[in-house]
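K.L.:
Here TrEMBL flags Cys242 as active site, nucleophile. Residues annotated as active site in TrEMBL: His327, Glu329. As annotated by TrEMBL, L-glutamine binding site applies to Ser47, Gly215, Gly217, Leu243, Gln246, Asn284, Tyr287. Residues or ranges marked as domain 'Carbamoyl-phosphate synthase small subunit N-terminal' in TrEMBL: 1-133. TrEMBL lists 1-167 with the feature region 'CPSase'.
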Amino acid sequence: MDGYLHLAAGKTFEGKWAGKVPAAEIKGEIVFFTGMTGYQEVLTDPSYKGQIIVFTYPLIGNYGVNKNDAESKRPQVSGVIVYEVEAECFHYESEMPLPEYLNLWGIPLLSSVDTRDLVQQIREHGSMPAVMDSSPVREEGITLVPECKAGKVSTTVIQKYGKGSHHIVLYDFGYKKSILNLLRKEGCRVTVVPYQTDFETVKKLDPDGILLSNGPGDPKEMTGILPEIKKVIEYYPALGICLGHQIAALALGADTKKMLFGHRGANHPVLDRESGKVFMSSQNHSYVVDGCSLGGTGLSPRFVNSNDGTVEGLQHHALPLVTVQFHPEAHPGPTDSNYIFDEFIDIIKSTERKAVHYA
Ligand SMILES: NC(=O)CC[C@H](N)C(=O)O
């Protein structure tokens with residue numbers, strides 16, 4: 001059965017439904033991911049909430065879906081677009097084929113789409129609203145209602161994990177399981193808190209450090225929480241990842257802006273200006289901290305994207321605060337930047353129990 005993808009910029013793409021035909025139209029922001037592997041991690045990363053994802057690699061699904069690679073309890077994307085999907089899977093760990101998994105969660109999968117042409121459209125017009133349906137013609141315009149997406153994926157209750165010697169409060173804006181796993185591997189006990197948690201509540205939990213997680217949407221949807229986040233990062237050693245990096249920057253007075261089509265893939269080169277080394281990183285973001293907005297914030301760009309010069313991470317001149325736009329927890333993609341977690345733990349060890357106003 002034929003299915004269609006309509007872009008807000010006007011063009012319609014034809015494909016075949018691989019699985020159930022959706023009963024109603026599916027709306028989302030269309031974005032593309034360039035990694036050759038890691039589709040399960042991408043689909044289950046809460047940062048993709050509300051987005052329709054296009055995989056540029058032409059064959060998706062050949063190793064199925066397994067028990068270990070999910071970054072959250074369910075696929076989070078609104079829809080999936082591929083060139084060719086493999087309905088049989090060939091991997092000893094595979095639990096089920098990809099189309100079956102998406103079907104189970106009612107997420108539409110459109111295959112046989114000309115993904116090369118589609119990605120060119122996104123590169124030209126930007127990531128934009130799109131609709132998947134079974135009608136070849138779309139007359140209505142396509143718009144998306146603004147909403148706080150992190151609020152939709154964040155936990156509503158405090159959760160505790162592990163027994164390690166360092167205690168980390170993980171602000172859940174839509175955290176990936178790999179962040180929690182890496183913290184636990186580093187010997188941390190982790191308390192996951194809802195995205196709106198205030199400073200006084202954090203203080204009662206008595207952490208040694210704070211991790212501001214990744215998450216979906218525009219960081220400016222989160223302005224309501226910035227005053228509390230400012231207090232938290234002025235008091236405790238902190239690491240911000242992706243949305244967490246953007247929120248920390250906004251809280252300290254910097255600005256963010258939307259890129260045309262963002263960075264989504266597993267091989268984005270980043271320069272660490274402290275070591276002078278370039279590493280490959282896993283990325284998934286549409287927004288970026290505006291490098292021209294850092295004056296007076298105490299923040300300077302420690303990490304820079306080697307392709308386009310955008311800010312990939314910040315260091316504070318006085319606070320024990322490091323933030324990164326890329327994903328040091330990897331999954332999908334290379335683990336080259338795992339060292340950011342070691343650094344964070346070292347900072348915590350050196351400042352432990354001295355968590356008092358650094359500002
Ligand atoms: N992975 C993330 O945390 C993404 C951050 C933010 N939603 C962006 O698109 O820029």
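Cβ atoms here come from the backbone N, Cα and C positions, even for glycine.
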K.L.:
Near Ser47 (L-glutamine binding site), which active-site residues out of Cys242, His327, Glu329 have their CA within 10 Å?
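P.N.:
So the list is Cys242.
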K.L.:
When you measure from each Cβ to the nearest atom of ligand 1, which of the active-site residues Cys242, His327, Glu329 fall under 6 angstroms?
P.N.:
Cys242
K.L.:
Sequence gap of 6 or more, Cβ distance under 8 Å: name the residues on the same chain that satisfy this around Tyr287 (L-glutamine binding site), in order along the sequence.
P.N.:
Asp218, Pro219, Gln246, Thr256, Lys257, Lys258, Met259, Gly262
K.L.:
Could you tell me which of these binding-site residues, Gly215, Gly217, has the greatest number of Cβ atoms within 10 Å of its own Cβ?
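P.N.:
By the 10 Å Cβ neighbour count, Gly215 comes out on top.
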K.L.:
Rank the recorded positions Cys242, Leu243 by the number of other Cβ atoms within 10 Å of each Cβ, and give the residue at the low end.
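P.N.:
Cys242, out of the recorded positions Cys242, Leu243, has the fewest neighbouring Cβ atoms within 10 Å.
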K.L.:
His327 (active site) has how many other Cβ neighbours within 10 Å of its own Cβ?
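P.N.:
Step by step: centre on the Cβ of His327 (active site), count other Cβ atoms within 10 Å, giving 28.
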K.L.:
From the Cα of His327 (active site) across to the Cα of Leu243 (L-glutamine binding site), what is the distance in angstrom?
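P.N.:
About 10 Å separate the Cα atoms of these two residues.
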K.L.:
Using Cα-Cα distances with a 10 Å cut-off, which of the active-site residues Cys242, His327, Glu329 are near Gly215 (L-glutamine binding site)?
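P.N.:
Final answer, ordered: Cys242.
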K.L.:
Among all the protein chains here, how many other CB atoms are within 10 A of the CB of Glu329 (active site)?
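P.N.:
A count of 26.
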K.L.:
List the Cα distance (Å, whole number) between His327 (active site) and Gly217 (L-glutamine binding site).
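P.N.:
Cα-Cα distance, His327 (active site) to Gly217 (L-glutamine binding site): 16 Å.
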K.L.:
Filter the recorded positions Gly217, Asn284, Glu329 down to the ones within 10 angstroms of the residue listed as 'active site, nucleophile', Cα to Cα, kept in sequence order.
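P.N.:
Final answer, ordered: Asn284.
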K.L.:
Rounded to the nearest angstrom, how far is the Cα of Asn284 (L-glutamine binding site) from the Cα of Glu329 (active site)?
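P.N.:
Distance between the two Cα atoms comes out at 12 Å.
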K.L.:
In sequence order, which residues at least six apart in the same chain have a CB under 8 Å from the CB of Asn284 (L-glutamine binding site)?
P.N.:
Phe33, Val42, Asp45, Ser47, Tyr48, Asn214, Cys242, Gly262, His263, Arg264, His327
